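**Student:** Found this in TrEMBL, in case it helps:
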type: DOMAIN; residues: 25-199; note: domain 'GTP cyclohydrolase I'
type: BINDING; residues: 93, 96, 164; note: Zn(2+) binding site
Ligand SMILES: Nc1nc2c(ncn2[C@@H]2O[C@H](COP(=O)(O)OP(=O)(O)OP(=O)(O)O)[C@@H](O)[C@H]2O)c(=O)[nH]1
Ligand SMILES: [Zn+2]
């Protein structure tokens, strides 16, 4: 959907314009079906804005998370747990196409290779910027790190609020969903507890 692979996604300007046009036409119909006048001043450019917003919110399909990790692997004889916590997550539930958002906490214990730290939030984003369920997002991050680094273990915890449960449906404004996924050493109680204690001030 996005033409070029840009390393920083803060400012994506190069959208696939064919897709933008097609999406915009569809959003025009949607807005009309919702009973609005798509020609009034405030809405005139809205179909195109929404199209670009949706392209941005799903740009993860254009990224290869495994390649992102493999692009910054370093040989290092470090055997302690590495934790990157409080990584902001913005994703979109695949059932309602409404946002879910929160924090991811990721840890691994290296086995000869470490990865450039920034690559962990990058792969969180690469998987989050798709139509998702929180459980799959959690597993995909874990599996990707396991495959790229072959570490002694990986742990991923995500805490998120789902707008589909807050602003519609059951309307529980304070509900937070926690998902977790572990491999290797983190399947042992002691290691998992150490990880949980390192991120626990953030876990409810
Ligand atoms: N397991 C899981 N469920 C999710 C996630 N995001 C949204 N959902 C749920 O997906 C389900 C879809 O259920 P349906 O009964 O088909 O949809 P619905 O009638 O809109 O359901 P309500 O939200 O209960 O009104 C809902 O229970 C949502 O809460 C997620 O990340 N993981
Ligand atoms: Zn939903």
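Cβ coordinates are placed from backbone N, Cα and C, and glycine is handled just like the others.
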**Student:** Helix, strand or coil for residue 93 (Zn(2+) binding site)? Use DSSP.
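**Tutor:** In the DSSP reduction, residue 93 (Zn(2+) binding site) maps to strand.
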**Student:** Enter the number of other CB atoms within 10 angstroms of the CB of residue 93 (Zn(2+) binding site).
**Tutor:** 18
**Student:** Looking only at the domain 'GTP cyclohydrolase I' (25-199), what is the model's average confidence as pLDDT?
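**Tutor:** The answer is 97, the mean pLDDT of the model over that range.
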**Student:** Taking 10 A as the limit, how many CB atoms besides its own sit near the CB of residue 164 (Zn(2+) binding site)?
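**Tutor:** Other Cβ atoms found within 10 Å: 16.
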**Student:** Measure from the Cβ of residue 96 (Zn(2+) binding site) and count the other Cβ atoms within 10 Å, all protein chains considered.
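**Tutor:** Cβ-Cβ neighbours of residue 96 (Zn(2+) binding site) within 10 Å number 14.
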**Student:** Beyond the listed site residues 93, 96, 164, identify every same-chain residue whose Cβ lies within 8 Å of the center of their Cβ atoms for the Zn(2+) site.
**Tutor:** 92, 94, 95, 97, 98, 100, 162, 163, 165, 168, 169
